[in-house]
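J.: What follows is a structure written as structure tokens; I'll ask about it next.
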Amino acid sequence: MTAEERRNLQAFSDYVKRILDPTHILSYMNSWLGEDEVQYIQAEKNNKGPMEASSLFLKYLLQLKEEGWFRGFLDALNNAGYSGLYEAIANWNFQKIEKLEEYRALLKRLQPAFKDRIDPTCILPEMSDCIISQEYEEIMQVCSNKGIMAGAEKMAECLLRSDKENWPKTLKLALDNDNNSFSELWMVEKDAKDVEAEDLEEDDMGTSSIHIVYQEDPQLENLSQNSCTPAEVSRAKLCSQLKPRNYQLELALPAMKGKNTIICAPTGCGKTFVSLLICEHHLKTFPQGQKGKVVFFANHVPVYEQQKSVFSEYFERLGYSVAGIAGATVENVPVQQIVENNDIIVLTPQILVNNLKDGTIPSLSVFTLMIFDECHNTCKQHPYNKIMFYYLDQKLGGSSDPLPQVVGMTASVGVGDAKNTDEAVEYICKLCASLDASVIATVKENLEELQEIVYTPQKISRRVESRTTNGFKRIISQLMRETESLAKDVFEELENLSQIQNREFGTQKYEQWIVEVHKACRTFQLPDKDEESRICKALYLYTSHLRKYNDALIISEHAQMKDALNYLNNFFKDVRAAGFDETEQDLTRRFEGKVQELETISMDPSNENPKLKDLYLILQEEYHVNPETKTILFVKTRALVDAIKKWIEENSKLSFLKPGILTGRGKTSQTTGMTLPAQKCVLDAFRSNGDHNILIATSVADEGIDIAQCNLVILYEYVGNVIKMIQTRGRGRAKGSKCLLLTSNADVIEKENINMYKEKMMNESILRLQTCDEAKFKKKLLSIQTGEKIIRDNQQNFKPKLDKQNKKLLCAKCKALACYTSEIRMVKDSHYTVVGETFKKCFVTRPHPRPKSCGDFDKIGKIFCARQDCSHDWGIRAKVNAFEIPLIKIQSFVVEDTVTGKQMCPSKWKDFNFEKIPFNPEELSE
């Protein structure tokens with residue numbers, strides 16, 4: 001089992017616990033579990049039930065070290081009849097199981113009627129495929145021994161755990177055939193029509209879907225305290241008569257008057273509800289015979305999912321049609337038709353940018369209202385800003401077509417790099433100009449009411465000490481100096497290597513230096529191409545090892561030394577399993593010569609990290625005072641998320657903590673991110689007051705995704721800009737909550753103090769702009785817009801000449817020739833393959849670690865440089881329609897001019913201005 005599979009099983013454990021009765025698969029797990037463990041699991045089921053037994057089973061499972069247990073677990077599920085759970089875990093896709101959640105919730109509500117009206121002996125034979133055979137026999141036995149009502153209760157319990165996607169419809173058919181009155185209550189949705197949201201992941205091709213339902217509306221907080229599921233709570237909220245608070249009406253008022261508005265209000269005050277008020281008012285104010293059309297933009301797919309759900313629940317009951325498009329779904333749905341046939345469209349912004357660009361959507365005049373969530377992102381080349389470029393071009397171009405009203409929503413407009421209030425005012429004016437917003441709406445008249453609802457947590461900065469002596473850092477630093485020396489010996493003339501001195505190990509700056517060396521290596525040239533290849537490959541290896549050592553020092557600085565050592569051990573294990581040439585063998589020997597000493601140091605209790613001691617004391621104190629404490633612990637990296645979680649789980653004195661993790665979905669050089677269903681599963685568990693009472697998160701949790709109220713936010717060596725500060729602090733919404741910055745670096749505390757000063761400066765600047773004469777303010781915005789348009793037009797008029805000259809693509813690591821640009825073909829506008837027999841000899845294919853179907857693509861393999869001493873990752877092998885073709889990523893190559901020999905390193909295909917010929921399958925047969 002890979003580390004990623006282990007992490008995935010932990011992330012999806014909540015699904016397993018809800019479905020699996022482990023006693024049904026124990027007989028298939030004899031090779032992996034001892035007799036004592038089997039008896040403990042059976043006792044846990046008898047005493048506490050299948051969910052607790054499943055939790056204990058997973059604990060034993062994840063502790064196994066033997067090879068093959070994961071495959072054994074999958075086989076056990078399959079053999080026992082857990083076909084749905086088997087499929088979900090095998091593909092790490094719980095979408096089908098997630099869709100059953102609303103039927104489970106319905107059955108829970110109807111359980112008393114189910115017990116009263118159902119005779120399992122009449123309908124069970126038709127439902128034998130919906131539950132496993134052992135449960136079928138158990139139900140019939142209960143009916144025989146204890147009676148029909150007890151059997152019905154047992155049947156309901158089994159259906160609530162069923163992993164078969166067809167059980168709700170099969171139950172409906174069985175009830176109808178039996179003429180059972182319960183059929184009237186069992187409403188199974190038919191012919192559901194909706195657009196599912198998908199998201200591009202690794203290699204811009206992976207897809208996933210999530211359905212997050214939430215309300216940040218505070219006036220109905222009490223509903224979240226009951227035992228309903230999040231989906232039920234949301235429906236209860238939206239279907240009841242919502243009454244806006246006075247401060248919410250104050251925020252909505254300028255937009256309701258038709259003004260373009262930026263609404264700036266704290267996290268947790270109900271901005272989503274404000275947008276519903278504005279949208280409803282907008283749609284209802286059109287005269288008879290005319291219709292409004294609203295588009296709501298969500299910057300991230302999880303936010304898109306939750307807002308699409310909220311808008312659908314609220315407006316469909318009022319007779320308005322709502323649809324949404326996100327991610328790769330756009331390839332499978334007619335965007336123009338979706339826009340034309342619906343009153344409200346929820347989008348991720350790049351979809352509209354693409355459709356405006358290709359003319360599918362002729363102009364923004366098709367909309368009457370545009371709402372931008374997290375509108376502070378409207379800058380530079382962000383999709384929000386690109387949408388507004390079309391708006392402003394239409395406005396300033398003298399078009400007679402009507403423009404939509406614009407409303408932006410944010411917790412903080414920010415101040416950029418402003419050093420004083422005047423500069424902050426200018427920054428905010430530019431944001432207003434970008435959104436064509438003449439009003440900034442904040443709460444002023446009803447501030448007291450807002451402060452009663454939205455609690456601003458107490459902010460505390462706490463300076464902690466680092467280790468006074470650090471043998472681990474001493475040894476790793478020595479290995480890094482040796483590796484640097486070896487790199488210099490290979491080719492010291494490389495400019496970036498000459499700047500190696502005065503560089504501090506274990507810092508972000510050192511990481512940046514490594515990136516620069518990699519870039520320099522890729523375009524480094526010598527007359528002797530073999531020597532050039534040897535040098536570049538060696539430097540690439542040396543700096544890659546330096547990066548791992550640097551990462552390990554960062555981990556040991558903020559977590560446990562043994563976590564850093566495990567990180568390095570895993571890296572060198574992967575190195576040995578790959579090409580493992582002479583250079584790597586030498587570097588591995590040097591590391592292995594220090595492993596025993598590093599292990600001794602990392603296991604020495606006197607080397608415990610003082611920061612973790614402080615973190616331990618804080619958590620002990622907070623949970624002792626209030627055992628119901630809920631904490632979000634922000635850290636900088638995914639590696640640190642895993643390390644802190646492991647530290648909590650290994651510390652018996654912190655056994656009262658039940659940690660969950662939340663990281664981003666993007667792929668880094670080390671790991672792939674969490675899938676959207678995994679994120680949702682963790683968030684639901686944190687909200688439910690059950691499975692998790694502390695959430696360890698990266699920056700993914702500080703913007704957009706709504707997280708349940710918590711009373712403790714800890715920033716563990718974590719600081720950003722003023723917007724990030726306001727958003728992370730806003731996660732602590734409960735009364736009496738705290739926001740605590742924990743750091744050993746005085747500069748981090750100083751930066752946070754600067755952010756607090758900038759927040760004050762931002763509020764003063766907004767107040768100054770609100771007191772401006774509106775006509776003068778609009779004039780200022782027009783001046784900014786005109787100036788920006790001139791710059792934009794000049795940039796657009798400059799179009800780089802298309803380079804039709806044939807060029808070489810060389811492996812970025814070893815400089816081996818891969819192909820020529822004349823052999824490259826464009827697949828579906830954004831992916832690239834290579835035709836011809838020559839290229840096939842240049843790469844090798846290995847199974848993809850995460851094969852999956854992605855719309856018209858099936859990822860089936862990874863491709864690597866065929867040179868045994870290189871094996872550089874070149875991309876993927878995919879099945880496109882009926883053809884299996886390689887898809888290459890440009891960042892894996894160096895482009896060389898065949899005439900001048902000049903080399904360049906485009907990071908994206910769009911930066912490479914060569915003649916892009918569409919892929920023609922006929923070329924493969926030729």
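Count begins at 1; order follows the chain as displayed.
Quick reminder: no glycine exception, Cβ is built from N, Cα and C everywhere.
On a predicted model such as this, the values are computed, not experimentally measured, just so you know.
Okay, so TrEMBL annotates it like this:
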- CYS811, CYS814, CYS865, CYS870: Zn(2+) binding site (BINDING)
- 252-431: domain 'Helicase ATP-binding' (DOMAIN)
- 611-783: domain 'Helicase C-terminal' (DOMAIN)
- 797-926: domain 'RLR CTR' (DOMAIN)
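Give me the lay of the land around each of these features.
T.: When Cβ atoms from all protein chains are considered, those within 10 Å of CYS811 (Zn(2+) binding site) total 26, not counting its own.
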J.: Based on Cβ atoms within 10 Å, give me the single least packed residue among the binding-site residues CYS814, CYS865, CYS870.
T.: CYS814
J.: Cβ within 8 Å of the Zn(2+) site centroid (CYS811, CYS814, CYS865, CYS870 excluded): which residues?
T.: LYS537, ALA812, LYS813, LYS815, ALA816, ALA866, ARG867, SER871, HIS872
J.: What is the number of residues in the domain 'RLR CTR' (797-926) that are helix, strand and coil, as DSSP sees it?
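T.: Each residue of the domain 'RLR CTR' (797-926) counted once, the result is 18 helix, 63 strand, 49 coil.
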J.: Across the domain 'Helicase ATP-binding' (252-431), what is the average pLDDT of the model, as a whole number?
T.: 91
